[in-house]
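Below is one structure; the comments refer to it alone.
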Amino acid sequence: MKKLTKKAENLLLLIWVQAFLALAGSLFYSEVMNYVPCELCWYQRILMYPLVLIYGVAAIKKDISFALPGLFMSGIGLLVSTYHYLVQHVSIFQEVGGACSGSVPCNVIYVNYFGFISIPFMAGVAFLIIFVLHLLILREQGRKA
């Protein structure tokens, strides 16, 4: 276990905050706004929710090695949310994957801020931020070695 630099500690805390905000936003839309999640939304939740715990433990222990699964989960989550966004906004993807297999079609757009920001877009940005910040921590630790 290598000691984290102060910059890496701050980035790790920032990742945890991002994961927590994504979890809170997801719960807000489903529990307060009563939006029923589609199948792809559930996959994104499955990949995002554990990140709060994973990065929280890593931040408390001050050890990025605890968070290695988070790098993979955020990368996969980014791919899922990108596909989901394409299902919502690109006609060829709507025909192929619009129905999903759940009770709510995956091409339903509950929110559309500024004409392009939907829930999968917000999830994708969160996954991207987590993924990039994790890579920055690894680079920072590599410089320290």
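Glycine residues also receive a Cβ, built from the backbone N, Cα and C atoms like all the rest.
Quantities reported herein were computed from a predicted structural model and do not represent experimental measurements.
In the three-state DSSP assignment, the secondary structure recorded for Cys41 (disulfide bond) is helix. Look at Swiss-Prot and you will find Cys38-Cys41 (among others) tagged as disulfide bond, backed by sequence analysis.
Taken from Swiss-Prot, the feature disulfide bond covers Cys100-Cys106 (among others), and the record attributes it to sequence analysis. In the three-state DSSP classification, Cys106 (disulfide bond) falls within coil.
Away from its own ends, the transmembrane segment (9-28) comes close to residues 44-45, 48-49, 51-52, 55-56, 58-59, 62, 64, 67, 70, 122-123, 126, 129-130, 133-134, 136-137, 140 of its chain (Cβ-Cβ under 8 Å, at least six residues beyond either end). Residues or ranges marked as transmembrane segment in Swiss-Prot: 9-28 (among others).
Under 8 Å from some Cβ of the transmembrane segment (43-62) lie the Cβ atoms of residues 3-4, 9, 12-13, 15-16, 19-20, 22-23, 26, 37, 69-70, 73-74, 76-77, 80-81, 84, 120, 123, 126-127, 130, all in the same chain and six or more residues away from its ends. If you look up Swiss-Prot, you'll see 43-62 (among others) marked as transmembrane segment, on the strength of sequence analysis.
The transmembrane segment annotation in Swiss-Prot covers 69-86 (among others).
Per Swiss-Prot, transmembrane segment is recorded for 115-137 (among others).
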Can you count the other CB atoms that lie within 10 A of the CB of Cys100 (disulfide bond)?
19
Using a Cβ cut-off under 8 Å, which residues of the same chain at least 6 positions beyond either end of the transmembrane segment (115-137) come close to it?
4, 8, 11-12, 14-15, 18-19, 21-22, 25-26, 29, 35, 40-41, 44, 47-48, 51, 55, 64, 67, 70-71, 74-75, 77-78, 81-82, 84-85, 88-89, 109
State the Cα to Cα distance, in Å, between Cys100 (disulfide bond) and Cys41 (disulfide bond), rounded to an integer.
11
